[in-house]
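Q: Handing you this structure, nothing more for now.
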Amino acid sequence: MAFALASRKALQVTCKATGKKTAAKAAAPKSSGVEFYGPNRAKWLGPYSENATPAYLTGEFPGDYGWDTAGLSADPETFKRYRELELIHARWAMLGALGCQTPELLAKSGTKFGEAVWFKAGAQIFSEGGLDYLGNPSLVHAQNIVATSAVQVILMGLIEGYRVNGGPAGEGLDPLYPGESFDPLGLADDPDTFAELKVKEIKNGRLASFSMFGFFVQAIVTGKGPVQNLDDHLANPTVNNAFAFATKFTPSA
């Protein structure tokens, strides 16, 4: 009996202590060691910032590092519009960067599906055989540029209309983070995890946007895809680099 009472008392003490620890743990937000929101968030005060964060950048939104020397975010409505534009373009840039590199990588491994260089692939529609998706005529086969453009406009219009209107009628979903059927893995179920994923998304999206800009410049300057440009640079860094190509565009005496 004494053993049972002692065990019960010990169990009660343990449960109380565990409950306090659990409550304290639940109260503390999850963190990766760096704050991304609020006044104590990580900041990047770039040129002409006078080492001060504008009052209108409060750290409420993901990707806010406190730098806005041009005052682009001063007006709330303009800021809201720019946030939407940046995020949508960042997502397209991530898909685009992946799409620019994947065909070249597959072609290097021996996969044959027509033109692998991203800025040359579309021109295959003007060839005699037309454009075959992945080089397979049984998949998507395109020969008419007008019909292809019309289909793209219609499909993109439907998708954008769906997004802007918040998804299916009556659901009222967030046009930027709709969730539900757009999040089948439940990545946004936990609010703290979701908040951190928003930051990761916009950071990687900004990097992808710069990557796409670089791919465009490479296409104009070298006439090659990003993977081939990387291979050329690694093979001979002193000859194949940005500085060497830049000299070709400088006026000569």
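Using the three backbone atoms N, Cα and C, a Cβ is placed for every residue, glycine included.
According to Swiss-Prot, the record shows the following:
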MOD_RES   Thr22  phosphothreonine
BINDING   Trp44  chlorophyll b 1 binding site
BINDING   Trp67, Ser73, Glu86, Arg206  chlorophyll a 1 binding site
BINDING   His89  chlorophyll a 2 binding site
BINDING   Arg91, Val140  chlorophyll b 2 binding site
TRANSMEM  92-111  transmembrane segment
BINDING   Gln124, Leu134, Glu201  chlorophyll a 3 binding site
TRANSMEM  139-159  transmembrane segment
BINDING   Gln152, Phe249  chlorophyll b 5 binding site
BINDING   Gln152, Arg163  chlorophyll b 4 binding site
BINDING   Glu160  chlorophyll b 3 binding site
BINDING   Lys200, Gln218  chlorophyll a 5 binding site
BINDING   Asn204  chlorophyll a 4 binding site
TRANSMEM  207-227  transmembrane segment
BINDING   His233, Ala242  chlorophyll a 6 binding site
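Situate these features within the shown structure.
A: DSSP assigns Trp44 (chlorophyll b 1 binding site) to coil in the three-state reduction, placing it in neither a helix nor a strand.
Cβ neighbour count for Glu86 (chlorophyll a 1 binding site): 15 (other Cβ atoms within 10 Å of its Cβ, all protein chains included).
Other Cβ atoms within 10 Å of the Cβ of His89 (chlorophyll a 2 binding site) number 16 in total over all chains.
Under DSSP, Val140 (chlorophyll b 2 binding site) is assigned to coil, being neither helix nor strand in the three-state scheme.
Away from its own ends, the transmembrane segment (92-111) comes close to residues 117-118, 121, 204-205, 208-209, 211-212, 215, 225-228 of its chain (Cβ-Cβ under 8 Å, at least six residues beyond either end).
Counting every protein chain shown, 13 other Cβ atoms lie within 10 Å of the Cβ of Leu134 (chlorophyll a 3 binding site).
DSSP assigns Gln152 (chlorophyll b 5 binding site) to a helical segment in the three-state reduction.
Long-range Cβ neighbours of Gln152 (chlorophyll b 5 binding site) (same chain, at least 6 residues apart, Cβ-Cβ under 8 Å): none.
In this structure, Glu160 (chlorophyll b 3 binding site) is part of a helix by DSSP. With a 10 A radius on its CB, Glu160 (chlorophyll b 3 binding site) counts 12 other CB atoms from all the protein chains.
Using a 10 Å Cβ-Cβ cutoff, Gln218 (chlorophyll a 5 binding site) registers 20 neighbours.
Cβ neighbours of Asn204 (chlorophyll a 4 binding site) (same chain, under 8 Å, six or more residues apart in sequence): Ala90, Met94.
DSSP classifies Ala242 (chlorophyll a 6 binding site) as helix under the three-state reduction. All protein chains included, Ala242 (chlorophyll a 6 binding site) registers 11 other Cβ atoms within 10 Å of its own Cβ.
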Q: What three-state secondary structure does DSSP assign to Ser73 (chlorophyll a 1 binding site)?
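A: Note: Ser73 (chlorophyll a 1 binding site) is coil by DSSP, not helix or strand.
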Q: Let me know the most crowded of the binding-site residues, choosing from Trp44, Trp67 and counting other Cβ atoms within 10 Å.
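A: Of Trp44, Trp67, the one with the most crowded Cβ is Trp67.
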Q: Could you tell me which of these binding-site residues, Lys200, Glu201, has the fewest other Cβ atoms within 10 Å of its Cβ?
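A: Lowest Cβ count within 10 Å among the binding-site residues (Lys200, Glu201) is Lys200.
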Q: Counting distance between Cα atoms, which of the binding-site residues Trp44, His89, Arg91, Gln124 is nearest Lys200 (chlorophyll a 5 binding site)?
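A: Closest by Cα: Arg91.
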Q: What is the set of residues, excluding Trp67, Ser73, Glu86, Arg206, whose C-beta falls within 8 angstroms of the centroid of the C-beta atoms at the chlorophyll a 1 site?
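A: The surrounding set, listed in chain order, is Gly63, Asp64, Tyr65, Asp68, Leu72, Tyr82.
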